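J.: Once you've had a glance at the structure underneath, I'll fire off some questions.
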Amino acid sequence: MPGKEPDPDPQLAQATPAAEPAEAPAAEAAPASPAEGALQPEPQVPAAAPERGEAKAEPPSCPLHLAVEDVNDNSVSLTWKAPEQEGSTDLDGYLVECCKDGTADWVAANKELVLSTRYTIRNLTSGDRLQIRVKAVNAGGVSVPAVLEQPVVIREILEHPKIRVPRHLRQTYIQPAGEVVNLLIPFQGKPRPQVSWSKDGQPLDPKRVTVRNGDRDTIFFIRKAERSDSGQYQLSVKIDRLEDKATIDIRVIEQPGPPENLKLVDVWGFNVALEWSPPKDNGNTALKGYMVQKSDRKSGQWFTVLERCPRPSCTVSDLIIGNSYSFRVFSENACGYSAMAAVTTELAHIRKPEIAYKPEKYSGRDFSEPPKFTQPLADRSTTRGYNTQLFCCVRAFPKPKIIWLKNQTEIREDPKYIAVINEGVCSLEIRKPSPFDGGVYTCKAVNPLGEASVDCRLDVKEYPSEGRVAGLMKKKVGWRLAGAIIRPAGAGASVPKDPDTGATF
């Protein structure tokens, strides 16, 4: 905007001193101005007449670092620095002059000298090319001018060039081989900027890449991407000396190669251990992992057992006993699985484990022992005519032979005696004993390891006499003798009974 001090421009030309005599005329004839009525004649610089006896004043040196700060369609802004030497007197100001390129008709741009090191020439005509210079002025005269190296083109720059890279292109753009690469990148700038593309600093190959530039965007197009199209592409948008750049990183990926050196490391039980090496070609991108498959020799069909295996080794479990297996491994990246797989050269045989029964050796316990009576015979008393039994318990191994003796005489086959042995319990039944059957009875147990014996005494009593029974009855107080018949013992004789309890004597 006219009258506004624009921001500094980093790409503006620097000024160098022009080769002119130190004492330039204070005023120059006013030629035809670049824009009619825009520039004024060079102001008259009064020369100070030196007084008698005083030295003549010296002019200052050339201003430094003259540069263009901003240019639009009707003005140009300049900046510079003060000269190193201001002369013998203080500076009165600076004089800014310009002329059309190719002529020598310099015209003053400021009516009065300016003390600031910044000045804007206004009311210019768009499209002109102007040469510009600046002089320092003091009482001693005018300095050698500082002149811009390049002429300034007066044109309208309403909008600085700026590339607006889409978000998905700020990182590496990945596309599978054979696919279309179609990138639309918008930019801004007025007037229409110049757009150029390059790859790794070199011009693009028109056989591979097509570029279409519009007023507000540029289109980058590859019909069928190849791996060789990968690289960094530079985009430049330029208006005069103003320029913006962006870098687009494109990577074309392919399917990876198959793994290498697949080996069957070990087979044990129901398990198989595999190892392999990564593929030589990863498809121009990082691997995601490996897919492992198995095939039973009987069916011949392949089944996936592991996906996205991150390491170049694995263990396959739960295999079937008696079967033989082959294995293969695929590589995987962002483009998919490898076209071929690495296959094991040998089969893995899952054999049934051989089980051999080995009985444990136990030291057999010897249960042999000589006879030993755990329950001895007890003395017994019985009544004549009533069966009685003798009991004892014996332990022995081997099973002992039981011998019964009466008064140290072995009882042999006599129907009066019944000898029984059951689970170590020995019994001897004496049927209807008489006083003659009383005596000492011995039970002897004999086996190969020894023998043992136990004794007891058996008393056989007679029936009590009638007088004795009567005496017993008299001694019993409260006994009732009614109905009691006492008869001599013998055939058909009745046994006396207690009239109250019915017990026999």
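Cβ atoms here come from the backbone N, Cα and C positions, even for glycine.
So TrEMBL has the following annotated:
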- 1-61: region 'Disordered' (REGION)
- 13-50: compositional bias 'Low complexity' (COMPBIAS)
- 62-157: domain 'Fibronectin type-III' (DOMAIN)
- 161-249: domain 'Ig-like' (DOMAIN)
- 258-353: domain 'Fibronectin type-III' (DOMAIN)
- 371-455: domain 'Ig-like' (DOMAIN)
J.: Within the domain 'Ig-like' (161-249), what mean pLDDT does the predicted structure show?
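T.: Reported value for the domain 'Ig-like' (161-249) is a mean pLDDT of 92.
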J.: Per DSSP, how many helix, strand and coil residues does the domain 'Fibronectin type-III' (62-157) have?
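T.: Summed by class, the stretch gives 0 helix, 48 strand, 48 coil.
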J.: Report the DSSP secondary-structure composition of the domain 'Fibronectin type-III' (258-353) as helix, strand and coil residue counts.
T.: 0 helix, 54 strand, 42 coil
J.: Would you list the DSSP helix, strand and coil counts for the residues of the domain 'Ig-like' (371-455)?
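T.: Residue counts for the domain 'Ig-like' (371-455) by secondary structure: 3 helix, 54 strand, 28 coil.
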